[in-house]
Amino acid sequence: MKSCGVSLSVAAARRLSAAADEEKKMAAGKASEPEEDAPRLSAQESDALARVDSSLFGDQRLQEDGASMKALLVKAVRCYEALILKAEGKVDPEFFCQLGHFNLLLEEYPKALSAYQRYYSLQSDYWKNAAFLYGLGMVYFHYSAFQWAIKAFQEVLYIDPGFSRAKEIHLRLGLMFKVNTDYESSLKHFQLALIDSSHCTLSKAEIQFHIAHLYEIQKRYRAAKEAYESLLQTEDLPAQVKAATFQQLGWMHHTVEQLGDKANKDSYAIQCLQKSLEADPNSGQSWYFLGRCYSSIGKVQDAFISYRQSIDKSEASADTWCSIGVLYQQQNQPMDALQAYICAVQLDHSHAAAWMDLGTLYESCNQPQDAIKCYINATRSKACSNTPALAARIKYLQAQFCNLQHNSLQSKSKLLPSIEEAWSLPIPAELTSRQGVQSTGQQACKAQPGSSGSGQSLPPHVSPLDQADDQSSPAKRKRTASPAKSSAESWTHSSAQPQTPNWYPSPQKLQLLEQLRANRTSLKPLQLQMLEQLEAQLSDMHQQQMRQNSSGQIRASLPNGPSLPAHPVPRAPSCSAPPLANGPLPPSVGNNHTPGTRANGDVPYLHPNTLPHNCTSPGDTRKSQHLTSAQGLQKGLGSLWAGPNGDRTLSSSASADGGPHNQVGLSATTPSEPAVNHLSSPSSTSSPASSSSQTATSGVPHGTAPTKESAALQGNGSTAANHPSPDRSPPAASADNPQLSKRSPAAGSRANHVHPGSSASSPTSSPSPRCAVPAAVVNGSGGGACSEDSRSPLKLEPPELCIRAALKPSHSSSTVSIYPTSADVLKACRNLGKNGLSSSSILLNKCPPPRLPPPPSPPLAKDKLNPPTPSIYLENKRDAFFPPLHQFCTNPSNPVTVIRGLAGALKLDLGLFSTKTLVEANPEHLVEVRTQLCQPADENWDASGQRKQWRCESSRSYTTIAKYAQYQAASFQESLREENEKKGQKELSDSEMTSSETVSRRHKGPFKQVKFGTNIDVSDEKKWKLQLQELSKLPAFARVVSAGNLLSHVGHSILGMNTVQLFMKVPGSRTPGHQEHNNFCAVNINIGPGDCEWFAVPEPYWGVMSEFCEKNNINFLKGSWWPNLEDLYEASVPVYRFIQRPGDLVWLNTGTVHWGQAIGWCNNIWWNVGPLTAYQYKLAVERYEWNKLQSVKSMVPMVHLSWNMARNIKVSDHKLFEMIKFCLLRTLKQCQTFKEALVAAGKETIWHRRSRDEPAHYCSICEVEVFNLLFVTSDSYSRKSFVVQCQDCARKASSDLDGFMVLQQYRMEDLMQVYDQFSLAPALHSSAS
């Protein structure tokens, strides 16, 4: 569909041509002014430019005449800039918009951004220009400012769902949400891109690969396996996609237990990885994975060969060296293991697995002090998954170390160099030959055969390893390697490898030796004799190895494989004795590095030749480098994934439990997932990888650092989000066009805001205040286009919204009053084509996209942040039905109300909802179970108990009421038993997490798991007749069904909203933070016997809550989150906190944000209510529009509901009437314009009368509500399954709607009659609302 930006560009081009003529006349006779300073566009060139806007970015049409188009764009840019300079910036805003488009197509991103910001600052209704928003989103995407790119792209789809580059938008939204770990949103946008038949940057196969990978990182392994295998059946599958698919499939089988028994899985995994290498032999990652598979089945030689290939084919990887160390350690070659681990941790200072394995190695060789240092370094890594166990181990070793006799320590010779000594040892030539960082102005020194001391060397003074993380920058932490001194230290296949003598003490004997030594004073004579024998064997082993070292036989060997280079240091005897004395055992060799620490979540990002922008996390400065090379206007599909030296690599190690999944080549770990052993840290990785300037950071494997070019770029004004300010543009931008970079403070303050409204500062995506771009806030006060009351079309009075004219209209528009008859509406719609408006434009109704509300001003004082919760105590039935009670609960100034004693006052039989009665009534009824961590109600810790977080962890399963009742009872019995056991004790045990007292005293993990029975549907009147009848005793305003309840007019059931749901809880069961669907009110009654604790935040602060979720990479609408109270108080957000006791009813008012936790064992019942008020309707529609912007399904079909309200009720509230009438007007116009478009296309509609109780329809693709005209595929129509799509999705699949049938459910005459008959009723004096 043609965007409005094109028509604007036509006008701008014509004005430019006229302005150029005028300038030529004014410049006549000024010989001192060079002619080339004021280029002039011909009429033909102006016409050609009139068809150019941002939608051509990446389009194949530009490739057809790339050279000539580029020359024209360069000329146009010079012409525009010259005119703007001469006019001192006082030109039509469209000039800046077009200038932004031209610079975007020329890939002059700083200039494009500056021009777009000027347009934004000057054009109040900029949001009407889809091409502008698309171009701005592309620039933000290039600079990895995903927070702002997402907002810009979402607004494009909101104002113009049929935008010509909608597929490209969905693709990039999918990628960005994947980086942000919002996998559900990512999957939805990839699926939307997949069904679109138009062209985009990625092929269909590549999009299918991303979808399959999303299934994998969501732990939907069966679906992922099917998707991968289905993709492999595709004909003419590109080699890169084929290689990556086999790689993911193989690694998934190696790490995921659910996919079969180990033998079959490993065999299949090796087959897949071998096929991946057939398709792409240069993939270092596939070689690495293959080595891991071989290692797991004991094929040591094959594993070493694969690791060698991995190092040859790709950059030096900390993961690979850590795996090599594990192999050496398992082969009793501690010195070589030490060298490999040192290589790993020098490549990546925060590689938790390598530090843990190194600590285990030192501990096995009786060097506890070095082991402690290594374990401490492991705990400092963000990727460390077992910090509590390590902390306990460190404490134990420190205690043992202090208890040992000083003399005995001095008498023992060290088996391995200390950590400080090992750090400065030379490393294998293989590492230095692959890891040099080649950046502008610097050549990395590579080791040559026979060289000595060449290459990069360590600084003369290296800090101890336990201080390695204190180095300030990734550049300072790069591994600068000394090369090996001899070419003999390269990998070789030695045919004369000495075997380990069979008389060497076995690991079991060495372990026994250490235990005997530790208890020497208390040994019996037989044990003393055994100790002497073992020490004699150990002494013989020492002497034998010393003889080998002195005779030049210094190469470490493996029984079945190539050897790693040994180092010119005294050879230590191999030793694998465990700890110094009885105590917690260290991790066994390789446990820190097992195939099972993480799924291969690092999908390599798209190659720059495919998407000419990098895709890094906004908060990861280490990765925020962007492409510096000029790239063509049309990018070929070259390499799909960017890796070092052109490798297409998926960079990560993986594990069975899924671990942190880093997508699109980013290392943004998810707080909800266990940190990874065998994985570099996202923020402090320090590899000196070699990366060409054309390689996007997101394609570089773990363990790589930015190139010098990117570091220089960051120093030149790029920020954490890596998008430079126009004020800090490259010199060419400022010199050529100073007006673009020099803005007045007033203009700058607004130009810095992409979306007017409240501030959305995020530590992970907000750039520095000096940067103009990221200062863009979601809801700044500037802009003029959208006030606080324009968050949705219904914020202002509808007539003002509809009739308000644009400041600089570039085309005619039809104005429709809120009160015309239906005939007038349809007549106005028939004239739309004459006015040049598209159907999407008329649907816009001059309403800006919804935006987050700013927080209430002024901020509350600190002593006002814990307001008392409104509570009403009922003594009898009369109190419950007293009208002021209804008015009090629905008053917007009361976000939440607790009605205490309700059950007693109304004599409700709550026993009908007790666990015993539920089991007797329907024991096999389905229960959704959420497994959660039991924590203090006002805190939320990660699984390790080390860090507070917003993300609320849980896993889903299903059971029956009877089985959950058994769990509930068993939990209660267990708590009684624990209470009896602790009688007489003053302090509670750490392991008790059942009573409310224990929960409140517990501060850190590890936490006990609890199971929460949720979303139990009790809507079936046949199964739950007695229970539902009992609820009819409630006052009318709180009943499930009543005439004054909006949800009763929907006409069909919405489970959990206009039906009752039941919750079965044990202490610690949590309902995470949320607002009710479409901001409806909610009723919750505690059945008992235990209490619940609640937290609530008033509706005006929901924007602040949403921003907190965004900062924490959580989807506010669909994610699971538990607010940190300290964050809320710091942001001056008031929090209501109260206890709900058995029989208490909690009324949650419209839009209240809330979360809660069970203190005791209890059941609760819950449903939603919609008071018949303008406030409720307005907030419901606002959320309906916000959901549409966020691509989230609205559970309440507001269009369908509005038409039913117009049919069924009389409205006397003037505001409510206007809003409903406005909704009717919009949908009536939509139906008419759709019908006329279908008639023009020769497409007939089929009458399909709506049946009684038929649910409202939603698009099966994008999930927007579909009213009246249903687009169904011919196949589904023939099968009578009626899979409905909206018009936009149907046209994306087929532009002329071939293969679709259009069903019509209402006759236009009937809709016109409802619209005309809906009028304002006279006010009733007895109205309670």
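The backbone N, Cα and C atoms fix where each Cβ goes, glycine too.
Looking at the stretches 23-43, 821-841, 1010-1030, the one that TrEMBL records under the feature region 'Disordered' is 23-43. With helix defined as DSSP H, G or I and strand as E or B, the repeat 'TPR' (130-163) counts 27 helix, 0 strand, 7 coil. Residues in the repeat 'TPR' (318-351) partition by DSSP class (helix H, G, I; strand E, B; coil) as 27 helix, 0 strand, 7 coil. Model confidence over the repeat 'TPR' (318-351) stands at 90, taken as the mean pLDDT rounded to a whole number. Across the compositional bias 'Pro residues' (847-859), DSSP classifies residues as 0 helix, 0 strand, 13 coil.
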